[in-house]
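Take a look at the structure below.
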Amino acid sequence: MDVADLRREYTRGGLHRADLPADPLALFEKWLAQACEAKLTDPTAMVVATVDAEGQPWQRTVLLKHYDAQGMVFYTNMGSRKAHQLEGNPRISLLFPWHTLDRQVHVTGRVEKMSTFEVMKYFHSRPKDSQIAAWVSKQSTRISARGVLEAKFLELKQKFANGEVPLPSFWGGYRVVIDTVEFWQGGEHRLHDRFYYTREGDGWHIERLAP
């Protein structure tokens with residue numbers, strides 16, 4: 001199918017160098033708040049890219065759970081494909097696709113594992129059914145049918161009905177220590193605005209990139 005004619009103009013306005021804060025997280029926070037105000041579906045959803053031992057890139061959508069000067073945090077099953085790939089290569093790429101606002105944010109960096117205390121604190125903040133689901137799924141492994149998952153979920157829901165769900169030993173989190181951040185704002189005539197932050201010591205170097 002030819003989809004070459006599916007296009008539109010980007011008319012929401014530009015991004016100017018004079019308006020950029022010195023710290024990329026300040027602009028990220030502003031854009032994320034605007035994405036939330038615009039009622040975008042899952043504004044914290046990010047495409048997480050990793051690379052396997054053969055050099056094959058893999059992508060999946062994961063929810064951002066926390067960010068600060070130390071980095072961006074997400075949680076996952078440590079037996080998952082992405083966890084195995086990050087064990088071999090801790091380099092990572094994140095993309096926030098806020099298409100409705102004609103924006104995207106691209107982050108690169110490397111991961112560090114979260115402490116058990118941090119993981120446990122977040123795990124027990126989740127709804128109980130989500131905690132149980134973490135026990136049910138051996139992420140990225142092959143299963144014969146959905147019924148296998150549903151039966152295991154009901155079994156564990158009964159088991160943990162009157163008590164706390166323990167933290168699975170195979171469940172954890174990563175902090176992405178940020179190296180670069182690129183902000184993209186759609187512009188008229190395909191002359192989009194792109195600004196690229198690169199970490200330099202305790203600060204950031206900012207460059208404008210051609211669209």
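Cβ atoms here come from the backbone N, Cα and C positions, even for glycine.
The substrate binding site annotation in Swiss-Prot covers Arg7, Arg8, Glu9, Tyr10, Lys65, Tyr122, Arg126, Ser130, Arg190, Leu191, His192. DSSP classifies Arg7 (substrate binding site) as coil under the three-state reduction.
Its Cβ taken as reference, Arg60 (FMN binding site) is surrounded by 14 other Cβ atoms within 10 Å in the chains shown. What Swiss-Prot lists as FMN binding site is 60-65, 75-76, 81-82, Gln104, 139-140, Trp184, Arg194, and the listing cites sequence analysis.
For Arg60 (FMN binding site) paired with Arg126 (substrate binding site), the C-alpha to C-alpha distance reads 21 Å. Comparing the binding-site residues Val62, Leu64 on other C-beta atoms within 10 angstroms of each C-beta gives the minimum for Val62.
When the Cα atoms are compared, Arg126 (substrate binding site) and Arg194 (FMN binding site) turn out to be 36 Å apart. The CA atom of Arg7 (substrate binding site) is located 29 Å away from the CA atom of Leu64 (FMN binding site).
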